[in-house]
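What TrEMBL records for this protein:
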type	residues	note
DOMAIN	9-47	domain 'Beta/gamma crystallin 'Greek key''
DOMAIN	48-90	domain 'Beta/gamma crystallin 'Greek key''
DOMAIN	137-179	domain 'Beta/gamma crystallin 'Greek key''
């Protein structure tokens, strides 16, 4: 039996570094921050976990943020752009299951995962992952082994083609469950 708790999560964005200037508080998804702040250069995650994006509508580069203070997240995380949208990650309790596929449209070699995998090439002898089906839980997929490089947030659902999701030329080599670590 798995459950998802949607009640947790609070992040406060500030226009200036070091929590200065105007602020905006989010307790759910926000597709366009520009109507609240002209820019955001620092934030404080008071509870829960969030994915933040450098483009509106949950597009562009993604960054995972857990509880803590980010006084100058642009230099801390190597971001070139201000945060433009954010998505609260619901806390999942129960099992985690995801099936990864070597090719688009669930083709080629496949493996079902229930645990983190720091290197799909070593563990499954897969050169890349181009599609997946997330059955249970929320996951982060990374472009490099050892949970490094660009990441993508995956919630339950079918992902037939990463290229069509704006991830052209990107391959994923490691995957991590988002647990109650937030």
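Cβ atoms here come from the backbone N, Cα and C positions, even for glycine.
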Positions whose Cβ lies under 8 angstroms from the domain 'Beta/gamma crystallin 'Greek key'' (9-47), at least six residues beyond its ends: 56-58, 65-74, 82-90, 182
Chain residues outside the domain 'Beta/gamma crystallin 'Greek key'' (48-90) and at least six past its termini with a C-beta under 8 angstroms from it: 4-6, 8-11, 13, 17-19, 26-34, 39-42, 138, 140, 150-153, 155, 166, 178, 181-182
Per-state residue totals over the domain 'Beta/gamma crystallin 'Greek key'' (137-179) - DSSP helix, strand, coil: 3 helix, 20 strand, 20 coil
Reported mean pLDDT - the domain 'Beta/gamma crystallin 'Greek key'' (9-47): 94
